[in-house]
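According to Swiss-Prot, the protein has these features:
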TRANSMEM  15-37  transmembrane segment
TRANSMEM  50-72  transmembrane segment
TRANSMEM  105-127  transmembrane segment
TRANSMEM  140-162  transmembrane segment
TRANSMEM  172-194  transmembrane segment
TRANSMEM  201-223  transmembrane segment
TRANSMEM  233-250  transmembrane segment
TRANSMEM  263-282  transmembrane segment
TRANSMEM  287-309  transmembrane segment
TRANSMEM  322-344  transmembrane segment
Amino acid sequence: MAQHRTLAHPFQFSLRWLSPLLPGILICAAVSCAAILAERFQVRIAGHAWLGDLVLAILIGTLLRSLVSLPVVASAGIKFSAKTLLEIAVALLGASLSLSILKGAGGLLIGGIALIVALSLVFSYAAGRMLGLPPKLATLIACGNSICGNSAIAAAAPAIGAKPEDVAASIAFTAVLGVVAVLLMPFLPQLLGLDATQYGIFAGLTVYAVPQVLAATAPLGAVAVQTGTIVKLIRVLMLGPVIATLSVIHGQSGKGRLKLQQMVPWFIIGFVLMIMARSFGLIPEALLSPVASLSNILTIMSMAALGLSVDIRSLRHAGGKVIIAASLSLVLLGVLSFGLILLTQAA
């Protein structure tokens, strides 16, 4: 009887933990299934997919959020899918990469990424101030556009003592602009004459969030996805030094100090460990394909959650100056990124 009770406790704990998340997870799963079916329908009708399942998941999720009031009970599961499932997917993605790819990045590219982040921060902030935005709001927009979107905004807010309304305004448009960028990105390779590697670099440098990079690069295949992910994660690693610097500048060293695990998220560590495991043959070949499939499924679900988290109507509250500042920042980032590609190509 005691043994039965002992076995029941973990099961009951799992149910208590999963129950609040289940409605939102199921909605994300339904949107993901619709996206996968829509992609297959395109292939059957036209011979190929104009829009991949990753982009479709964002589109369907955004459309659903804009047309229907989602139940409050689903919010926890949607947030879980957008954050935790994404983090797991990114960590697992490391199993599809090896150290040889990382070596190919080279010191010039890594240095270029750091320089672009720094220049983008300075010029984006300057553009925001020229448009009349308050200093802290301009800082949030600069951090969001230059590093990793909403995550950078959320991390920078306590470091600079930002007001909640400034955080909400910057996040509102950054989320929508990120989705727009993902939808337009796949047209750039042909327009700019970029190959898969160059496009991966461009997407990794300009797109806000990791799932959006995956969605933007997927149409060009595995090389673009792998390159874009590596560049994006190197960019994310700049978050720690930037937040530490902002804390000192704004005198928030006590309130805004972040722990190491906040500056270097666990999934980046997991991503690197999976690369190491793959490189040293610690992952059996038979597991590589299932792990890649699981990572892809979780990524689709996280992007469905991303779409379900974007309310286009919130743009009304963001304000015209915020929209212009964020758009100018993104254009500037694109110009700098294209310049880095030309520089690495010449080298």
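Cβ atoms are placed via backbone N, Cα and C, with glycine included.
Given the structure is predicted, the values throughout are model-derived calculations rather than measurements.
Beyond its flanks by at least six residues, the transmembrane segment (287-309) meets 24-25, 27-29, 31-32, 35-36, 53-54, 57-65, 70, 78-83, 85-86, 88-90, 92-93, 95-96, 175, 179, 209, 211-212, 214-215, 278 of its own chain at Cβ-Cβ distances under 8 Å. Packing against the transmembrane segment (140-162) from elsewhere in the chain are residues 117, 120-122, 124-125, 128, 133, 170-171, 174-175, 178, 208-210, 212, 232, 235-236, 238-239, 242-243, 246-247, 249-250, 252, 255-256, 258, 262, 322, 325-326, 329-330, 333: each is 6 or more residues past its ends and has a CB under 8 Å from a CB in it.
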